[in-house]
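Before any comments, here is the structure.
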Amino acid sequence: MKLEKEKIFKTLNPNKVWIPVLLGVSIVGFLFYQDDSVTVENLSLIFEAEIIPVALAFFVLFARDVGYVYRIRMITGKRLTWKSSIYVIILWEFASAVTPSVVGGTAVAVFILMKEGLKLGKALAYTMITAIFDNLYFVVMAPIVYLIASGHIFPQNSMIETQLGRSLPTLFIVSYSLIAVYTFVMAFAVLVNPRWFRWILLKITSIKFLRRWRKGAYEQGSEIMMASKELRGRDFTYWLKISLSTIFIWTARYAMLNCVIEAFSNQSFFEHIVIFARHVVIWITMLVSPTPGSSGTAEFIFTQFFKEDLGSVTFITNIFWRLMTYYPYLFLGALVLPRWIGRVFKKKKK
């Protein structure tokens, strides 16, 4: 993996926060203009939010971030200090917030870990295993919530029916299948047989019209082998800690929306299951969004999924959700980045 500092620092650029902010504000403005139900009276409902669900939302958000820090420290075998782990998570979240999900932030994550003192092989291994476990949570959880809330996940509002017809469930299945295949292939390559995986890549790229990618395939295969070597021999406790922390992190991420919605609209237990399930489906859309951090896309799709159930509080719930789950990491990363750069490069000089 070629870690070009110029490209990475171009991604980790505090000035890039304004792109997703402008996109998000533009979509929010569009939704505000388009929705006749959004009035000053409805906006004032934000001051009537129930305190306990709001407090619980902040607690869940904090717990999730603690889980992230704990997991990266466990994944690295405690090679990172708690302070380094906090820096890594903040900057990793920042990189995710300023880049489209379809692009991914693997190179940035590897760079951050290396600057915290890890060698390339270890940084690659820890980044890959993090991505695999994150995707595995979705691969396992998506069909569970789909079956439990079947028939209630996909909204029947007019805009989705007009623009997407009956294709939303199909989009979900196709997206889920692609993520599942990618996850299982990567898990097999990293954890089972990396040498065979590289051999397959080289065989595929030996086809005449694919030869231009042969060098890249060899490099990718070699990186997988390097990562696999670093993870070999880990005991059961290691994998158990990663598994449980991943379940905790992502369940908290999704459950946070339940807390926000409960603050503005009382929901039954089954309705909370539907909210959780819809959040999983929304996440698919955000994964394939071309905008930085799914800015704009998230706000729009949220409205389409929840407007028929939340009614007049849809807009403020939408804003509250994004203000809690996206923008803090955007601005926190921009503030922390200069301090981190000074810290790691000063450490290198010493």
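We number each residue from 1, going along the chain as drawn.
Cβ from N, Cα, C; glycine included.
Listed features, source TrEMBL:
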- 12-33: transmembrane segment (TRANSMEM)
- 45-63: transmembrane segment (TRANSMEM)
- 84-112: transmembrane segment (TRANSMEM)
- 124-149: transmembrane segment (TRANSMEM)
- 170-192: transmembrane segment (TRANSMEM)
- 238-257: transmembrane segment (TRANSMEM)
- 269-288: transmembrane segment (TRANSMEM)
- 319-341: transmembrane segment (TRANSMEM)
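Counted over residue pairs 6 or more apart, the CB atoms of the transmembrane segment (319-341) and the transmembrane segment (124-149) come under 8 Å in fewer than three pairs, which marks the two as apart. If you look at the transmembrane segment (238-257) against the transmembrane segment (269-288), you find at least three C-beta pairs under 8 angstroms, all six or more positions apart, and that counts as contact.
Remark: the transmembrane segment (269-288) makes no contact with the transmembrane segment (45-63), by the rule of 3 or more CB pairs under 8 A.
Of the candidate ranges 45-63, 84-112, 170-192, 170-192 contributes the most Cβ pairs within a distance under 8 Å of the transmembrane segment (124-149). Distant neighbours of the transmembrane segment (45-63): 248, 252, 255-256, 259-260, 262-264, 312-313, 316, 320, 324-325; these residues of the same chain sit at least 6 beyond its ends, with a Cβ under 8 Å from one of its Cβ atoms.
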